[in-house]
Structure formats: structure tokens, C-alpha cells
Amino acid sequence: MDVQSSRVVPDGGYGWIVVAAVALINMTNQSILSVFGQLFVGELQKMQEDTFTAALITNLNSLALNFSGLFIGPAIKSFKPRNVAATGCILVALGLALCAFATESWHFILGYSFFVGFGLGLISPSTFMAINSYFTTKRGRAVGVSLAGAGLGQVLIPHLVRYLLDNHGFRYAVLSMSTLSLFGLFGAAFLKPLNQPAKHNNRKHIRLLTEADGEKTSPLQVVVVPTNQSKIERSPQNVDTLCSRMGQRLVQAMDLELLKDLVFWSIIVGMALVYTATINFTMIFPGFLGQTAQLNSQMVAFCMSLVAGADIVCRLLLPIVTDHLRIPYRVVFLFGIVGLFVARCVLAENQALPVIITMSVLTGMMKSATVINNNLTISAHCRSEKLAGGLGLSMMSKGVIVITVGQLLGWVRDYADSYLICLYAQGAILLVVVLVWTPEILYRHRRQRCATNKSMETQSIDAAEVAKLNS
């Protein structure tokens, strides 16, 4: 029997302390991603590096972050979410410290792309698992509050980075960010899971995995092998059996049967495209404000803070509204995509300061709709026993698309030498997702509505027949 179902989920209680701890971790670690352009692009330009290199660094960071999903499940089961999250914070701090002493672009790839990316990949699912065990009906609100910590960091950290860069230089600023990420260790100390994970005997699991069906013999059974030729003849069959068993275990462990579902493909690929466009926008937005819109550094930081401020407010309020109206998570995600598409098109067409301020607020609001409902959309589509596999496959799809489509967006920026063309390219990607998702969601909604009406008609007919019999 499932342990989760055998215990009462408090839907709050100590869970809110866990939410506050996760908010602290997100504020001091996840928000680092939002200041990459402000913190590193200037130093890369001094090294005579172009936007393609900056895009490569951020895309490799996302690749390491998302492909950590391959083994994050066994890590959480073996070492508990608290230890995994603490390890992630230490890796983020170490990666930023390496970047502070970087003299070549590959130093940033090693420190930021791999160490920081891998550390953030450990933090995100482990904190989600810690929250997930404490909430049921209030899960959306809890996730929104925890993600608001990252939004709060995105409001404050751009100003802190600007102050440190202007007064103390690049190295001191990056080392300060490295120290700040270690504050996540205090939050990780409070990540006590509601249901303690079972201990796994990894050696026994490996032995069972490599053991063929025909080799499970009792202690008294004697297997006679007449000659060495018989051993040679049996070895290919044993190898085939071993490969088959390992393949079946791999499919079961990663829930690869989800890939048979075309709707699941649509969900994970669509979310990966939106994720890639968001990362690219975060990278080029400071450059767009400074070079295309001709804003000074204070206004650049102000606009970035507007994005983060709107994001944090909506992360707190949006789940309350959508839960009350019972709007499906994927529909809210779709509304967010439409809003991001509109904001990019308007920014590309008009660079007046009031328009930039308005679109910065809109971008923050719509970004929150996609961030909050990312994992929730997967959880609404997958059964509970398949949720971990669905989240892992979603992370891997993001990694693949970021390193391909994300690099293409960086190449478009360099080839066209225009931030406006890059904004239009991001808008085209978002529009593709909207055009694919909208008909599918409408069709599924109509089919579900027809099924509901048919069920109600059947119930009414049965009730009428029962009334006739009773009369």
C-alpha cells in the first residue's frame, strides 16, 4: 500500500515552515539565473566574446540543470531531500566562486554552466518533493509562495549586483553572490519530509537487476554444466535476458511508457519551448534596455525589478484566484504564453519608456503563470505513481530543446545584430505553442463536456425508471 495514502496529509501545519525554508533557498539560489546578463555579459565582452558564447553558457547551464533529472529520484530516496538541497546550494556557491576568478570563457562554462546548473538541478525537485508531502488542496498556493522567494530575490538582487559592480568590481560581486547562495543551507535544514523515505539496499538492487529469471534457484538446486561448450552456448541467451531485464527496469524506473501518449509529448515539448524562450529573454533583456532602448543602468535595474515585482505578486495571488475558479493548470499556462507573446511583440514595436514599463509588468505577470503551473500541469496529466517519471522526462526535454533552439536564438541575435529580431524569434516560438495547444485543449474540453452531459442524461433516465418501478 502507498505510504502517502496511509497517512493523513496536514495540508499545512509544519508544511508552511517548509514552504518558508524553500522560499529562502529559492531567493538565494534560483534568483541567480535572473542576473546572468547583468553580472557576466560585461565581463564576457571584455574577453571579446559575443552573444553566441553567452547563449552557450546559459544553455549548457540549463542542460546540466535539466539532465540532472536522470538520477535525482534515486538521490532523493537515498539521501533525503534535505541533504540533496544542501548539496545543491554548496555546488552553486562553488560554481560562482570559480566564475569570480575566470579568465577564459571555458571557466564560465565549468563554473556557471556545470556547477551552478547541476546544483540548481538538485535544488528544484528536492524542494518540490518536500512541499508535495505536506499539501493536497493547497498545493498550488504553497508552490506559489515558495516560488515567490525567487521573485523576491529577483527584485532585490539586481540592485545589489549593480551596487557591487559599480563600487567593488566584477570579482567581488560574484564572490558576494557565492556567499549569498550559502544562506540556502539554513533553509535546507528545515526540509523535514512528512514521510521518511525508505532505505534502499543498492547492492541488493543491483544483484537482482543482473540476475536472470532462470538463475533464481534454491540453495539445494544443482545445475550441471557438462562441458565448456555448453557455457559458451548459454552465454548469448543470458546476455539477451540480462539486457531485456535491464531494459524493462529502465522503462519502469523512468516511466518511459508515458512517451506513448501524444498529449504528454505536446505538453513537455511546449513547456520546454516556453522555458527556452524565457531563458533567452532573461539573457538579452538588459542588453535590449541598454542598447536598443538607450536606458541607463539604474533604469535597466528598475525595469528588471518591475518584472520581478509583478512576478512575485502574481505568484502569491494567482493560485488563489485559479483555485477558486477551478481553472485547469494547463489553461492558465496557455494564458501565460499568450501574454508573453504579446509583451515581446509590443516591446519589439515600441521602445518608449511608458511602454517598456507596462510590458515589463505584463511580462512578470505572465511569467508567473508559466512558472507556477509548470510542475502542476504535469501532475494534472500524469497519475500519482507516474509523476516522478513525468517530471524527469519534462526536465530532459527542456535540456534538449535549450541546447538546440536556445543556441539558434543566440545565433539569430548575433547574425542579425539586432535585439528586435531576437524578440520576434522568441515570439514565433511562443506562437507555435499557442497554435498547437489551443485546438487540443478545446477538443479535450468539448469531449469532456459531452461525456459529462451524457453521464447526467444516463443518471436522469435511470432515476426516472426507478421512480416508475417504485410507483
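Just so you know, glycine gets a Cβ as well, placed from its N, Cα and C.
Now, the feature entries from TrEMBL:
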{"type": "TRANSMEM", "residues": "12-32", "note": "transmembrane segment"}
{"type": "DOMAIN", "residues": "15-442", "note": "domain 'Major facilitator superfamily (MFS) profile'"}
{"type": "TRANSMEM", "residues": "52-72", "note": "transmembrane segment"}
{"type": "TRANSMEM", "residues": "84-103", "note": "transmembrane segment"}
{"type": "TRANSMEM", "residues": "109-131", "note": "transmembrane segment"}
{"type": "TRANSMEM", "residues": "143-164", "note": "transmembrane segment"}
{"type": "TRANSMEM", "residues": "170-191", "note": "transmembrane segment"}
{"type": "TRANSMEM", "residues": "262-285", "note": "transmembrane segment"}
{"type": "TRANSMEM", "residues": "297-318", "note": "transmembrane segment"}
{"type": "TRANSMEM", "residues": "330-349", "note": "transmembrane segment"}
{"type": "TRANSMEM", "residues": "355-376", "note": "transmembrane segment"}
{"type": "TRANSMEM", "residues": "388-412", "note": "transmembrane segment"}
{"type": "TRANSMEM", "residues": "418-438", "note": "transmembrane segment"}
> Taking residues 6+ outside the transmembrane segment (52-72), which of them lie with a CB under 8 Å of any CB in it?
Replying inline: 33, 36-37, 40-41, 44, 84, 105, 108-109, 112-114, 116-118, 120-122, 124-126, 275-276, 279-280, 283, 391-399, 402-403, 406-407, 409-411, 413-414
>> Looking only at the domain 'Major facilitator superfamily (MFS) profile' (15-442), what is the model's average confidence as pLDDT?
In response: 81
> Cβ pairs under 8 Å with the transmembrane segment (170-191): which stretch of 12-32, 262-285, 297-318, 355-376, 418-438 has the most?
Replying inline: 12-32
>> Please identify the stretch among 109-131, 297-318, 330-349, 418-438 with the greatest number of Cβ pairs below 8 Å relative to the transmembrane segment (388-412).
In response: 418-438
> Among the recorded stretches 109-131, 262-285, 297-318, 355-376, 418-438, which has the greatest number of Cβ pairs closer than 8 Å to the transmembrane segment (12-32)?
Replying inline: 109-131
> Out of 143-164, 297-318, 418-438, which stretch touches the transmembrane segment (262-285) the most, going by CB pairs under 8 Å?
Replying inline: 418-438
> Hey, does the transmembrane segment (355-376) touch the transmembrane segment (143-164), meaning at least 3 C-beta pairs closer than 8 angstroms, sequence gap 6 or more?
Replying inline: yes
>> So, taking each listed stretch (109-131, 330-349, 355-376) in turn and counting its Cβ pairs to the transmembrane segment (297-318) that are under 8 angstroms, which one gives the highest count?
In response: 355-376
> Sequence-remote contacts (6 or more beyond its ends) of the transmembrane segment (355-376), Cβ cut-off under 8 Å?
Replying inline: 128, 139-140, 143-144, 147, 151, 271, 274-275, 278, 281, 289, 293, 295, 303-304, 306-315, 318-319, 329-330, 332-333, 335-340, 342-343, 346-347, 391, 394
